[in-house]
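For reference, TrEMBL has these:
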- 1-20: signal peptide (SIGNAL)
- Gly106, Trp107, Ala108, Gly109, Thr110, Gly111, Lys112, Asn113: ATP binding site (BINDING)
- 276-332: domain 'Torsin-1A C-terminal' (DOMAIN)
Amino acid sequence: MRLNGFAFLWALLTARVAAALEPVTVAISIAAVSALSGYLTYSDFFSCRFSECCKEDRPLNVSALKLDLEKKLFGQHLATEVILKALTGFRNNKNSKKPLTLSLHGWAGTGKNFVSQIVAENLYPKGLKSNFVHLFVSTLHFPHEQQIKLYQNQLQKWIRGNVSACGLSVFIFDEMDKLHPGIIDAIKPFLDYYEQVDGISYRKAIFIFLSNAGGDLITKTTLDFWRAGRKREEIQLKDLEPVLSVGVFNNKHSGLWRSGLIDRNLIDYFIPFLPLEYRHVKMCVRAEMQARGVAVDEDIVTRVADEMTFFPKDEKIYSDKGCKTVQSRLDFH
């Protein structure tokens with residue numbers, strides 16, 4: 001029996017509303033539509049004409065991602081290089097053995113959240129607003145230490161439901177340094193080298209952790225290079241990643257404290273975000289002015305940068321808030 005136009009549209013809208021409520025319900029609604037329509041094929045339904053699609057063959061525009069990272073992210077040569085290579089390699093690998101898991105570390109204002117936004121926008125046109133990109137904020141979604149068990153169960157159900165609806169789902173965990181230890185280990189089976197967990201494959205999903213933990217270790221290495229007369233661009237991942245992974249694992253104020261994710265080597269890359277210098281702050285000010293559609297005034301750029309505070313006390317090299325307060329300070333000029 002053919003499904004008439006009104007019934008078909010109603011089924012679509014029903015599935016769309018269900019997406020906001022319960023991921024598993026979406027799959028059921030879709031199956032019902034396909035069964036009733038008869039003549040509709042799987043590819044016809046996911047034609048993207050009525051709603052956002054999760055397409056296994058969605059290509060990653062490597063050139064666009066590279067351009068975004070190089071033009072919008074300042075002072076982070078390591079993050080630019082590693083994220084570009086990690087995402088390109090992962091998306092080009094048709095036979096990945098596990099999900100891609102990245103852990104981004106550094107002080108506030110160095111670009112971690114901004115990078116997660118860039119990654120989301122290059123994977124899905126709607127970016128962070130996509131139905132397939134999911135953001136968790138520790139202080140908002142997991143505030144109470146006494147409810148760790150509840151959070152673990154909820155987290156497993158949420159990830160399982162969303163990956164069952166879209167295998168290419170992206171999960172971003174912000175404020176990992178404020179996450180109660182133990183919660184994140186609930187997702188360890190999903191990050192491991194299993195072909196399937198309870199009939200679901202997680203091998204195409206992406207997990208991104210954002211944390212201030214390890215910022216002190218990153219600053220120390222960066223400062224050591226500066227004091228030795230070496231350029232920050234000479235810092236390599238091998239100079240920081242081993243120290244960073246051990247430091248975060250042993251940090252009691254980190255959501256990854258003694259985590260099985262580190263112990264089992266399930267985090268593919270620990271990516272350091274270096275502290276930003278005066279010149280980088282000025283780049284942020286220029287970029288913000290351009291984003292607002294106003295002409296770049298170098299006098300204003302200098303005044304905003306001069307208002308920022310820098311450390312260490314004697315050398316005053318690095319902005320203690322990175323570029324975090326650039327937007328608000330620019331409002332006064």
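Using N, Cα and C of the backbone, Cβ positions are placed for all residues, glycine too.
Annotation for the binding-site residues Thr110, Asn113: lowest Cβ count within 10 Å of the residue's own Cβ, Asn113. Taking the Cβ of Trp107 (ATP binding site) as reference, residues of its chain lying under 8 Å away and at least six apart in sequence are, in sequence order, Asn212, Gly215, Ile218, Thr219, Phe273, Pro275, Asp320, Gly322. What surrounds the ATP site, by Cβ distance within 8 Å of the Cβ centroid and not counting Gly106, Trp107, Ala108, Gly109, Thr110, Gly111, Lys112, Asn113, is the set Phe114, Asn212, Phe273, Gly322, Lys324 from the same chain. As a whole-number mean, the pLDDT of the domain 'Torsin-1A C-terminal' (276-332) in this prediction is 96. Other Cβ atoms within 10 Å of the Cβ of Gly106 (ATP binding site), summed over all protein chains shown, number 28. Most Cβ neighbours within 10 Å, among the binding-site residues Gly109, Gly111: Gly111 holds that distinction in the structure as shown. As a summary of secondary structure, the domain 'Torsin-1A C-terminal' (276-332) carries 29 helix, 5 strand, 23 coil according to DSSP. Between the listed binding-site residues, namely Ala108, Lys112, the fewest other CB atoms within 10 angstroms of a CB are found at Ala108.
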